[in-house]
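Here Swiss-Prot flags Tyr150 as active site, proton acceptor. Summarising the annotation, Swiss-Prot assigns NADP(+) binding site to 7-31 and lists similarity to another entry as the type of evidence. Annotation source Swiss-Prot lists substrate binding site at Ser137.
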Amino acid sequence: MKTTTALVTGATAGFGLAICKKLIEAGYKVIGTGRRADRLAEIHSQLGNNFLPLAFDIRDEQATINALNTLPEGWQAVDLLVNNAGLALGLEPAHKADLQDWYQMIDTNIKGLVTITRLVLPNMVARNYGQIINLSSIAGTYPYAGSNVYGGTKAFVTQFSLNLRADLAGTKIRVSNVEPGLCGGTEFSNVRFHGDDERAAKVYENVQSVQPEDIANIVLWLHQQPEHVNINRIEVMPTAQSFAGMSVSKEK
């Protein structure tokens, strides 16, 4: 029986690392990507030779092409692409936001995701086999103050996932979109608040949030469904989180 080859972007921490561990435990070979070559080397030493580190900046199209071209024999046909790499930067209102933060979110969450998808997909189509699992967010569905461009990028990911399904109709390639809510145990809020650990910690204070291992379990479950079953979307929140109420601003 052929071993499944997965490619997981943003593999150095959080969801990505948990997904890599879970897939390897299940017998997969995993290509883990990220910008931090030293961190990927550490993960390789922990997970063994079923983990192949691939260091590059997903925002850079040519770097992505070059990295994929270095894949050794036996690793070139990707059966499962997990588009996990992404970030949020800042929580300021739109008129105060840093444009560079906006550009970085667009380049990573949208440009990086579509680039690697476009590069991996033709081989899946040629084999009529594969699955793409995109990590989006409930921020792509439910607006909140300060989400502005971050929420916009995740709305793009969700709609792109659905449109991929339309493009791939008639093939055996599956596409799923995972939309997490409040998740702890990652670098998400530390990155969003530019390294302000105290502010980041307050986001998860006194809340039992979803953990990276929960998302990893969902990813594995999605891929292990029968080939004729495609789960289009999964929206997942901690039990403590619910839908935000509509904001009303009253005149003083």
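Start at 1 and count along the chain as shown; that gives each residue its number.
In case you wondered, yes, glycine gets a Cβ from its N, Cα and C as well.
Here the features listed in Swiss-Prot are painted onto the structure.
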| residue | record | Cβ within 10 Å |
| --- | --- | --- |
| Leu7 | NADP(+) binding site | 24 |
| Ala11 | NADP(+) binding site | 30 |
| Phe15 | NADP(+) binding site | 30 |
| Ile19 | NADP(+) binding site | 31 |
| Leu23 | NADP(+) binding site | 26 |
| Gly27 | NADP(+) binding site | 10 |
| Ile31 | NADP(+) binding site | 22 |
| Ser137 | substrate binding site | 26 |
| Tyr150 | active site, proton acceptor | 26 |
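Separation of the C-alpha atoms of Ala11 (NADP(+) binding site) and Ser137 (substrate binding site): 18 Å, rounded to the nearest whole number. When secondary structure is read from DSSP and collapsed to three states, Leu7 (NADP(+) binding site) falls in the strand class. A straight line from the CA of Leu23 (NADP(+) binding site) to the CA of Ser137 (substrate binding site) spans 22 Å. You'll find the Cα of Gly27 (NADP(+) binding site) roughly 28 Å from the Cα of Ser137 (substrate binding site). Reported as a whole number, the C-alpha separation between Ser137 (substrate binding site) and Phe15 (NADP(+) binding site) equals 13 Å.
Per Cα geometry, Phe15 is the residue among the binding-site residues Leu7, Phe15, Ile19, Ile31 nearest to the residue listed as 'active site, proton acceptor'.
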